[in-house]
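Report on the following structure.
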Amino acid sequence: MEEHRLGGGGGGGGGGGRPPIPGAAGRKLPGLSRHASFVRSPANSTKSGTEKTFENMDAVAYMPVVRSGGWADIGSRHTMEDVFICSDNLMKEFGVESFEDGPSAFYGVFDGHGGKHAADFVCSNLARFIVEDEDFPREIEKALSSAFLQTDAAFADACSVNSSLASGTTALAALVVGRSLLVANAGDCRAVLCCRGKAIEMSRDHKPSCNREKVRIEASGGYVYDGYLNGQLNVARAIGDWHMEGMKACDGLGPLSAEPEVMIRNLTEEDEFLIIGCDGIWDVFRSQNAVDFARRKLQEHNDPVTCCKELVDEAIKRKSGDNLSVVVICFNSRPPPVLTTPRPRVQRSISAEGLRELQSFLDSLAD
C-alpha cells in the first residue's frame, strides 16, 4: 500500500511523513527553482470568490470539522504508480500561521504513468508550491492553479538533471479552507461530494475524446486518435511527460496541459464527505454508487480509513484493472445521518359524474 500523510489524524494504513524527492541516481537534485506565475492576474482589482468568502466567514455559523483517511492497492498491475496525500492541518505542517478560523487541509491523489517518479514528485511538492505562492492565501484559487504549473515546470527541471525520472502523472488536489472547498484537477482522477446522500461531481474527467479537450488539443497542434492524445496518452491533462515529443511546450500551450480545472463550493451542514480517487476506482464505480457505498460504511463504523479500504477492496472484487487509490474526507465528527423519505401524499379526486353516481348509491341505501 502506498500512502503519504503530512500530519493530522485519521490516516491510512502504513507509512508517514513527507515522501522524499525522487533521487537522481546518486546525484542530489538542485533546489527547486520557482518560475514566474503562469496564471495571469485580472486587469481589475475585483476580489476573488474565496477572498469574499473569508471576509464574510464570521457571519456564518457553520464550520466543517475535517477528518480523513486514505488507502491504496497495486490491484492487478505488476507495478504501483499511484500515491496519495492527506494533511488535515496544512498550515501547521508548513509552519504558517493560520489566517482564518476553521480547517486548513490539503488532500491529493496522483496516478502515475510511465513510472512513479512524477507522482512522487508532485505528492512531495505541490502543497509547498501552493503555500509559498505569492497569491496565497489572498487568492487561493489563483495560487492553486499556479502551483500545478509551477510543479510541472520544476519536474521538467528535475528531469533535465536526470532523464531516468521521465514519467507523468494525473493530479487531483482538494483544499478545505474554512468552509470553502476547492478542487483542482488535471487528468482523469475524480472528486465526488456527498450532499445529504446525493453525489455532486467536483471535477471533470479530462479525456482526449471529450469535445472540449479535443478542441483545445487540436488548437494546440495535437490530435486525437482512437481516444488517445497524439495516439499515445489516454488523458488530455497531466503533470510531467516532458520526454514525449510534441506533447508539451515551454509556454504551457502544448496539447498536453498541466493547467487544472478548479471548482469551488461553500460547504454547508448538508455536505457530509468528499471522495477523491484515481480512475481505477471510477472504472467500476459510478459517482452516485460510490457515495451510496461509502455512506453505508461510514454509518456502520464512522472511520474514513476503513471506508477507503472497503472502497478499494470492492473495486478489486468488481475487477478493476488498474492501481487503486482513494481518499475520503469527512466534514463532521458524526456519521452520516439516516435519511427518512416522507410518504408521498396521494391526492385523490372524483369527477362530477362519479360524485353523482356515489350520491345516487347513497340515496338508494337510504331508501
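Placement of Cβ uses the backbone N, Cα and C atoms for every residue, glycine included.
Bear in mind that the values here come from a model prediction, so they are computed numbers and not experimental data.
The annotation in Swiss-Prot ties Asp111, Asp279 to Mn(2+) 2, and of the candidates under consideration, Asp157, Asp226, Asp322, Asp363, the one tied to the same site is Asp322. Asp111 (Mn(2+) 1 binding site) and Asp279 (Mn(2+) 2 binding site) are 8 Å apart (CA-CA, integer value). Other residues of the chain with a Cβ within 8 Å of the Cβ centroid of Asp111, Asp279, Asp322, the Mn(2+) 2 site, are Asp82, Thr170, Asp188, Cys189, Cys278, Gly280, Ile281, Trp282, Asp283, Asn323, Leu324. DSSP classifies Asp322 (Mn(2+) 2 binding site) as coil under the three-state reduction. One residue stands out among the binding-site residues Asp111, Asp279, Asp322 for having the most other Cβ atoms within 10 Å of its Cβ: Asp111. On its own chain, Gly112 (Mn(2+) 1 binding site) has Glu81, Asp82, Val83, Ala118, Ala119, Asp120, Ser167, Gly168, Thr169 as residues at least 6 apart in sequence with a Cβ closer than 8 Å to its own Cβ.
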